[in-house]
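Asker: Heads up, here are the entries from Swiss-Prot:
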ACT_SITE  Cys159  active site, S-palmitoyl cysteine intermediate
BINDING   Cys131, Cys134, His144, Cys151  Zn(2+) 1 binding site
BINDING   Cys145, Cys148, His158, Cys165  Zn(2+) 2 binding site
TOPO_DOM  1-20  topological domain 'Cytoplasmic'
TOPO_DOM  42-56  topological domain 'Lumenal'
TOPO_DOM  78-172  topological domain 'Cytoplasmic'
TOPO_DOM  194-210  topological domain 'Lumenal'
TOPO_DOM  235-337  topological domain 'Cytoplasmic'
TRANSMEM  21-41  transmembrane segment
TRANSMEM  57-77  transmembrane segment
TRANSMEM  173-193  transmembrane segment
TRANSMEM  211-234  transmembrane segment
Amino acid sequence: MRRGWKMALSGGLRCCRRVLSWVPVLVIVLVVLWSYYAYVFELCLVTVLSPAEKVIYLILYHAIFVFFAWTYWKSIFTLPQQPNQKFHLSYTDKERYKNEERPEVQKQMLVDMAKKLPVYTRTGNGAVRFCDRCHLIKPDRCHHCSVCAMCVLKMDHHCPWVNNCIGFSNYKFFLQFLAYSVLYCLYIATTVFSYFIKYWRGELPSVRSKFHVLFLLFVACMFFVSLVILFGYHCWLVSRNKTTLEAFCTPVFTSGPEKNGFNLGFIKNIQQVFGDNKKFWLIPIGSSPGDGHSFPMRSMNESQNPLLANEEPWEDNEDESQDYPEGLSSLAVESET
């Protein structure tokens, strides 16, 4: 009876958390919808008097708005990619691992299993990275997200504003979303500013439009400042081929810690996110190379790394491991043992 009550309570709490997790997204959507109304109707159709200026403003605005909304949608609804089945422990191995009471034997079991996989990163103490929640050996750059309750390939962070985990499958879309958000705010601020001055001087009569135009400039500038900082930080991460987690805690390889272990050079680092074909760089479609399980590494020479030597990868078995301190709990990453 008590167990059933606890299960019902736990299920109710999970349901409430899932519902509440959409609140930040709803806030963003409402702000964007209001900005659309304020710009299109109150500014362009009511305040702007020149027909040519109206047309130019509306065309440019909608071009930016489409890409802004498209990338936001892709960031939200592109599911995080999880490690494939070859990284999961079989039922027999799982039971053997769970029933083994000696830590040193458990560690050796993971070492033996990892020998079949292209795993080059380790925990802080040099052990194979293993997720005891998902029961798998983690691919390189893969981490467990406590919010999504899953291991995510090339996890960067969990973002409440898109209610999704940002990783290999959607990092390109997230970066594009930041870029188009900055452009969206900048465009609104620059085109609204002259009318803000006119309202401030009392040269325009409409009281209702005055409120929307003034507040629109304030909101656009506020979001622009915060977004340009975040976008600049992620541009720096891309230029170094790092994730947010790797920027906070240096990856540990079999040879030891190496903060530039995945740094291939500026151009190749960009291609690791956007792909080789530049015509897809500005469009939110999947073009990141690889399958998210293994990545070219600077710390390995071409004879050791099949991704740099253009050889066949290890039968789709690609994985990563690493430890992170408690200070990163706000990034929704479970500690690894």
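Quick reminder: no glycine exception, Cβ is built from N, Cα and C everywhere.
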Asker: For the topological domain 'Cytoplasmic' (78-172), give the DSSP counts of helix residues, strand residues and coil residues.
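Answerer: Per-class counts: 26 helix, 21 strand, 48 coil.
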Asker: Whole-number Å only: compute the distance from the Cα of Cys145 (Zn(2+) 2 binding site) to the Cα of Cys151 (Zn(2+) 1 binding site).
Answerer: 6
Asker: State the residues, same chain only, that lie 6 or more residues beyond the ends of the topological domain 'Lumenal' (42-56) and have a CB under 8 A from a CB inside it; answer 'none' if no residue qualifies.
Answerer: 191-192, 195, 204, 206, 208-209, 212-213, 216
Asker: DSSP on the topological domain 'Lumenal' (42-56): how many residues come out helix, how many strand, how many coil?
Answerer: 12 helix, 0 strand, 3 coil
Asker: Can you figure out which of Cys131, Cys134, His144, Cys151, Cys159 (the recorded positions) comes closest in space to Cys165 (Zn(2+) 2 binding site), comparing Cα atoms?
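Answerer: Checking each of Cys131, Cys134, His144, Cys151, Cys159 against Cys165 (Zn(2+) 2 binding site), the shortest Cα distance is to Cys159.
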